[in-house]
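Just below is one structure, and these are the notes that go with it.
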Amino acid sequence: MAAPMDLLRANLSKVRIPEPTNRIFKSECCVSFDTPKSEGGLYVDMHTFLAFGKECVSWNFEKTGNPIYLHIKQTKKDVPEDRPLKKPTLLAIGVDGGFDNNEPEYEESYNIVILPYFAALPFPSVELPEKVRLAVDAILMADGAEKKEQLAAWTADTKRVSVYAETLQQIDTGVTIPPTGWKCAKCDKTDNLWLNLTDGMILCGRKNWDGTGGNNHAIQHYENTGYPLAVKLGTITADLEAADVFSYPEDESILDPHLAQHLAYFGIDFSSLKKTEMTTAERELDQNTNFDWNRIQENGQEVEPLFGPGYTGLVNLGNSCYLAATMQVVFSTQSFVTRYYKNQDLKTAFEVAPADPTVDLNTQITKLAHGLLSGKYSVPASEEDEVAGTPVSLKQKGIPPRMFKAVIASSHPEFSSMRQQDALEFFLHFLDQVERASAGKPEFDPSRCFKFGIEEKILCPSGKVAYNKRLDYILSLNIPLHEATNKEELDAFNKLKAERSLEGTEISADQVVRPRVPLDACLATFSAPEEVQDFYSTALKTKATAIKTAGLTSFPDYLVLHMRKFVMEAGWVPKKLDVYIDVPDIIDISHMRSKGIQPGEELLPEADAASQTESTQVSASEEIVSQLSSMGFTRLHCEKAAISTSNTGVEEAMNWLLSHMDDPDIDAPISQDTRGSMVDQSQVDTLLSFGFSEDLARRALKATKGDIEKATDWIFSNPDSNGPADMDASSSSPAISSDAVLSDGGGKYRLMGIISHMGTSTQCGHYVAHIYKDRRWVIFNDDKVGSSVNPPKDMGYLYFFERIID
């Protein structure tokens with residue numbers, strides 16, 4: 001072997017000086033979860049700027065022929081035992097003032113390594129060629145691609161000045177606010193109190209999802225009066241900018257530049273006040289720094305930590321628990337374990353990957369599978385890595401799924417964000433991406449283990465029937481609260497609640513009684529007969545009320561049940577049902593198999609073009625058009641308004657017309673396509689506020705003729721409806737031509753996984769997975785993995801069942 005310096009000089013053409021636009025990886029291997037802290041350190045390819053662990057770097061040399069690498073090794077420094085824990089002042093990770101978590105300090109060492117000999121030259125060194133020195137300096141000074149993709153993770157937005165502060169009207173009610181001794185005007189709360197800056201009312205704050213906080217009196221006061229701004233008592237000091245001021249119409253904490261004046265109106269001398277309450281941001285920080293996972297899911301029970309293959313935790317990247325919980329369950333199924341772990345090693349995945357494996361879905365899923373299942377990274381954290389307040393024995397380093405998240409979210413703007421997401425939506429998106437990547441090779445598609453067929457039978461008043469088929473990955477179930485098995489206890493609780501309300505006292509948490517609904521009752525709602533209004537019968541040549549029933553054409557290897565715990569209250573406000581579902585360990589759905597067309601049944605005739613047009617066409621109400629025309633609007637505009645609001649009424653049509661007068665197509669003629677596709681933008685906006693995409697909202701409203709409640713139900717009933725807009729709006733996926741591609745078998749299943757959710761909506765709160773492994777239940781709570789003491793079988797959002805093979 002030649003001298004290392006000679007080898008380096010002979011391969012200088014393979015060294016590049018990175019430009020500002022280059023993505024530089026220097027924190028984590030592209031194919032494994034090795035880092036500079038790993039035993040072998042990390043090797044950065046000085047031509048592509050991709051990083052590799054000790055084992056993987058040889059694979060990269062064999063594939064690319066690139067021989068020159070910057071080797072980065074981090075060694076832990078000795079830290080004094082009495083080192084104080086730095087308290088975070090910002091809801092952020094990896095930035096100044098953010099979470100420290102008492103991370104140990106490391107010192108870095110660098111070498112230039114030439115493969116295949118692993119010949120090393122120290123850096124820095126004046127003997128190195130100038131091109132190499134410039135390239136290394138640029139790599140070390142640049143922000144890594146991993147950090148750029150996580151930029152501003154968890155960082156709260158900077159507060160802005162409220163638009164209501166400048167013109168805030170204050171009412172003289174004769175109220176003077178004392179410096180202490182505050183109490184809610186509507187209950188006995190003496191903490192979490194808010195002073196409305198318009199009328200001086202002192203009221204308690206919002207009730208948190210876990211029952212803590214206030215009783216919602218402050219926000220209810222805003223809803224009744226419209227008075228927009230309130231300041232939290234106990235946060236007012238001489239530093240007025242630090243006071244917690246909230247704008248209800250803007251729904252965020254804001255700055256009030258005139259706060260001193262607004263406080264003086266009620267006799268408050270802010271200079272003499274002392275801080276006694278945490279601000280909203282500080283409380284959020286406190287909840288994150290004191291997160292007690294046992295309290296949330298295991299009722300304070302001692303949880304035995306688990307380590308080894310299949311028991312690897314996932315580091316929370318910032319609101320990524322929905323991803324962690326989902327992927328833990330997915331990689332507990334034999335189909336995904338076989339496809340991405342048993343039948344594909346990391347080297348094979350890397351060899352077939354494109355030039356940049358960080359953007360290759362197959363590579364990153366395989367990387368995640370080996371990270372979770374190999375046990376290589378499932379080891380107890382050392383004392384230096386201990387998070388404050390977390391026993392060392394419970395903590396493991398876990399693996400950060402950054403590259404996987406970046407790839408799987410690249411086609412979905414919401415999952416690319418750092419906001420909390422719906423685990424169900426992510427699960428379906430993930431399966432969709434896997435299925436697309438396996439196009440043309442169904443035998444290599446592990447997502448098929450979840451897929452099944454649904455057949456809907458529609459009985460027309462003529463006695464004739466129609467059958468529709470579609471594919472799905474999940475069975476979405478309504479929760480029939482009227483089927484609760486503890487009605488007597490519920491009646492007694494509601495009576496007690498009413499009595500306490502009259503007395504002005506609260507019910508303690510241990511007195512709360514929740515409905516208990518059997519899973520069988522939920523499954524029955526799927527197959528129960530349902531009326532279909534305005535069904536166009538090709539036999540009767542008119543619209544009529546038909547009866548729809550549904551069944552399954554196949555039973556998948558893994559059955560996923562989605563419990564519809566989120567419903568719409570008055571005003572289309574989403575609400576989470578506070579309900580328990582009694583789920584047995586074993587279920588049998590054999591009775592839900594569809595029987596297909598039966599002897600003696602006659603199919604409805606095919607619709608001709610004229611019938612299809614008539615069945616979808618919406619005509620403007622002449623009464624609405626006449627009244628609007630009498631107000632001076634053109635007839636074309638009036639017809640459009642009536643059609644767009646589904647002939648709901650004159651007021652609705654008028655509101656639509658006034659808000660759409662500037663539309664570029666307002667004067668365009670009404671086509672037949674337009675009649676069937678126009679929807680009220682206000683209804684679209686309502687669904688957008690629930691977190692649905694605009695395209696999905698429009699299709700749902702079109703399919704349900706502008707009924708928001710039915711549109712929401714349609715979206716949940718059609719979870720695959722994020723596909724192309726020209727897909728049949730009545731199906732969640734294209735019609736099935738054959739069930740041959742679907743797995744099938746008996747209808748007996750065993751419960752193997754639960755994804756639970758805590759929070760008021762799927763876009764907030766926390767997700768945790770419980771999985772039945774090695775004859776015991778295991779809890780996966782981000783990077784914490786332990787033997788479950790009390791798995792929440794009655795609190796699941798998603799239930800995963802594995803078919804029992806006789």
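Even glycines carry a Cβ here, placed using N, Cα and C.
All annotation found in TrEMBL is predicted automatically rather than curated by experts.
Since this is a predicted model, take the numbers as computed values, not measurements.
Positions annotated as domain 'UBP-type' by TrEMBL: 160-270. Model confidence over the domain 'UBP-type' (160-270) is summarised by a mean pLDDT of 88.
Residues or ranges marked as Zn(2+) binding site in TrEMBL: Cys184, Cys187, Cys204, His217.
Feature annotation from TrEMBL assigns domain 'USP' to 312-804.
What TrEMBL records for Cys321 is active site, nucleophile. The Cβ of Cys321 (active site, nucleophile) lies under 8 Å from the Cβ of Gln420, His766, Tyr767, Val768, Asn781, Asp782, each of these being in the same chain and 6 or more residues away along the sequence.
Annotation comment: TrEMBL describes 619-660 (among others) as domain 'UBA'.
The domain 'UBA' feature in TrEMBL is assigned to 678-718 (among others).
Around His766 (active site, proton acceptor), a 10 Å sphere centred on its CB holds 21 further CB atoms from the protein chains shown. Sequence annotations record features per position, and here TrEMBL assigns active site, proton acceptor to His766.
The Zn(2+) site, placed at the center of the C-beta atoms of Cys184, Cys187, Cys204, His217, has further neighbours from the same chain whose C-beta lies within 8 angstroms: Ala185, Lys186, Asp188, Lys189, Leu193, Leu203, Gly214, Asn215, Ala218. There are 21 other Cβ atoms within 10 Å of the Cβ belonging to Cys184 (Zn(2+) binding site). Take the binding-site residues Cys187, Cys204: by the count of other Cβ atoms within 10 Å of each Cβ, the lowest one is Cys187.
Around the Cβ of His217 (Zn(2+) binding site), 21 further Cβ atoms fall within 10 Å across all displayed protein chains.
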